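Peer 1: Quick one: the structure is below, questions incoming.
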Amino acid sequence: MSNYIILGAQWGDEGKGKIVDMLSSRMDVVVRFHGGANAGHTLVVNGDKTVLHLVPSGIMSKNCMNVIGNGCAVDPCLLAEEIETIRKAGVEVNAGNFMISRNAHIVTPVHKFLDRISGGMIGTTGRGIGPCYADKAARTGIRMEEITGGNLEGRYRELFEKHEYAINSSAIANEFSFELSFKKFERDAGTLREYVKDAAETIYSVSRAGGNILFEGAQGAFLDIDSGTYPFVTSSNTTIGGAYTGSGVYLDFGKRIAIVKAYATRVGNGPFPTESNDETGARLREAGHEYGATTGRPRRCGWIDLKMLKLSFIMNGFNYIALTKVDCLGIFDKILAAVDYDGEGFPRYLEFEGWKTDISGVTKFKELPANCRKYIDFIEEYMGVPVGLVSVGPDRNQTIVKEPLWKD
Ligand code: IMP
């Protein structure tokens, strides 16, 4: 039996999807435990691109149960659409490989509207995530159990009335009404009925039977509501603690995998000490195609911040690093890594010689250019945790395994 957890170690968009996908073919269960359709995981399988927002990445694998845990915020309209897209790509989604915890909260059209009119200080994804979690904390939210024999219409009306003043005070109030929003919401929610189950029970029994379980984080450590760069954070726990509260099950995770991008990016507002607003940032953005998978927004880019990453490792107890997008650095003469801050809080950098080579076809660590190995070895040494995987391109095959994640 092995339990794995994969988490973004920075601000999200580290390239978790591919690593989750590689592992999930060996898993009996893959669990999403927090967040909602604000996440976007791009998977490339046999050259075909699929973006998943809510459905766990194990859906691409045969014989894998995919669970949306109680800590998630589920938008039935987007989820129904996503399931349709996945089916069109020839992948099965049914009650035998997909379930949603009855305790997961529903992102309603009211929440999405509130997110839209809330002003742009944080730069949210606009997916209604914050307002949904706010209602959860206020004990006025609606849970998935409501669509299996509950009173969805009554609960939705109460929620609408609670927020009616804010809705009607907005400049675009004429675009929203109970009647306009409820019908589609109810129809889409209805399509999910067969998946609503006691998810904690399933995870627990697979674990007891010795199955392989993977917990798939979304976003990244510094977007955690408690430990992130508050208030510029998302509304859930993106760090390891969220795995327990967001699934309702305690598991001992043998492998706690940090997904670390070889440089740094952030979408939305908030602190980003190594952000590069000059040509370097623009070159990183182009080399890494750094545009949001969910919103299409250009991502802010800069060099890796190892000092900050250390905090992420403290929070999450990582014991394995998957270093992603290393190939994107192949265009630079010099590569920088922040290793400390000066008295005024500005990053202090170490400079590495670039390798100026296309490494996207390299399959063995020892075949990487010496300067590239030096950079990777330094990250490993600084963090005190092995770099087990090095990703050199978006495809599943473009992954160098330094230390296997499983024993055959
Ligand atoms: P929200 O999660 O939509 O409320 O957005 C809150 C903050 O988290 C914003 O800065 C978003 O850009 C950021 N965020 C949310 N989801 C992701 C993600 O999957 N990757 C990167 N940033 C995200």
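Placed from the backbone N, Cα and C atoms, the Cβ positions cover glycine too.
Just so you know, TrEMBL annotations are computer predictions that nobody has curated.
Below are the features listed in TrEMBL for this protein:
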ACT_SITE  Asp13  active site, proton acceptor
ACT_SITE  His41  active site, proton donor
ACT_SITE  Lys136  active site
BINDING   12-18, 40-42, Arg299, 325-327, 391-393  GTP binding site
BINDING   Asp13, Gly40  Mg(2+) binding site
BINDING   Asp13, Glu14, Gly15, Lys16, Asn38, Ala39, Gly40, His41, Thr125, Arg139, Gln219, Thr234, Arg297  IMP binding site
BINDING   Ala293, Thr294, Thr295, Gly296, Arg297, Pro298, Arg299  substrate binding site
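Describe the structural context of each listed feature in the structure shown, including burial, neighbouring residues and relevant distances.
Peer 2: Here the Cβ of Asp13 (active site, proton acceptor) has 28 other Cβ atoms within 10 Å, regardless of which shown protein chain they belong to.
Contacts of His41 (active site, proton donor) defined by a Cβ separation under 8 A and a same-chain sequence distance of 6+ are given as Lys16, Gly17, Val20, Val51, Leu52, His53, Ser57, Ala218, Ala293, in order along the sequence.
According to DSSP, Lys136 (active site) is assigned to a helical segment. Sequence-distant neighbours of Lys136 (active site) (same chain, 6+ residues apart, CB-CB distance under 8 A): Ala73, His105.
Remark: Val326 (GTP binding site) has Ala262, Ile359, Cys372, Tyr375, Ile376, Val390, Ser391, Val392 as non-local neighbours, by Cβ distance under 8 Å and separation of at least 6 in sequence.
In the three-state DSSP classification, Gly40 (Mg(2+) binding site) falls within coil. Non-local neighbourhood of Gly40 (Mg(2+) binding site): Val51, Leu52, His53, Gly292, Ala293, Thr294, each in the same chain, at least six residues away, with C-beta under 8 Å from its C-beta.
DSSP assigns Asp13 (active site, proton acceptor) to coil in the three-state reduction, placing it in neither a helix nor a strand.
For the recorded site, Arg297 (IMP binding site), the DSSP three-state label reads coil. The number of other Cβ atoms within 10 Å of the Cβ belonging to Arg297 (IMP binding site), over all protein chains shown, comes to 13.
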Peer 1: Identify, among the binding-site residues Gly12, Gly15, Gly296, Pro298, the residue whose Cβ has the fewest other Cβ atoms within 10 Å in this structure.
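Peer 2: Each of the binding-site residues Gly12, Gly15, Gly296, Pro298 was scored; lowest Cβ tally within 10 Å is Gly296.
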Peer 1: Excluding near sequence neighbours, so keeping only residues 6 or more apart in the same chain, what lies with its CB under 8 A of Thr295 (substrate binding site)?
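Peer 2: Within the chain, Thr295 (substrate binding site) has Cβ neighbours under 8 Å at Thr125, Gly126, Val267.
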Peer 1: Using the Cβ centroid of Ala293, Thr294, Thr295, Gly296, Arg297, Pro298, Arg299 as the reference point for the substrate site, which residues of the same chain not in that list have Cβ within 8 Å?
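Peer 2: Surrounding the site, in chain order, are Gly40, Val267, Tyr291, Gly292.
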Peer 1: Can you tell which of the binding-site residues (Ala293, Val392) has the fewest other C-beta atoms within 10 angstroms of its C-beta?
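Peer 2: Relative to the other binding-site residues in Ala293, Val392, Ala293 has the fewest Cβ atoms within 10 Å.
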Peer 1: Among Gly12, Asp13, Lys18, Asn38, His41, Gln219, the recorded positions in the record, which have a C-beta under 6 A from ligand 1?
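Peer 2: Checked recorded positions vs ligand 1; flagged Gly12, Asp13, Asn38, Gln219.
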Peer 1: CA-CA, which of the binding-site residues Asn38, Gln219, Gly296, Arg297, Arg299 lies nearest Gly12 (GTP binding site)?
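Peer 2: In terms of Cα distance, Gly12 (GTP binding site) lies closest to Gln219.
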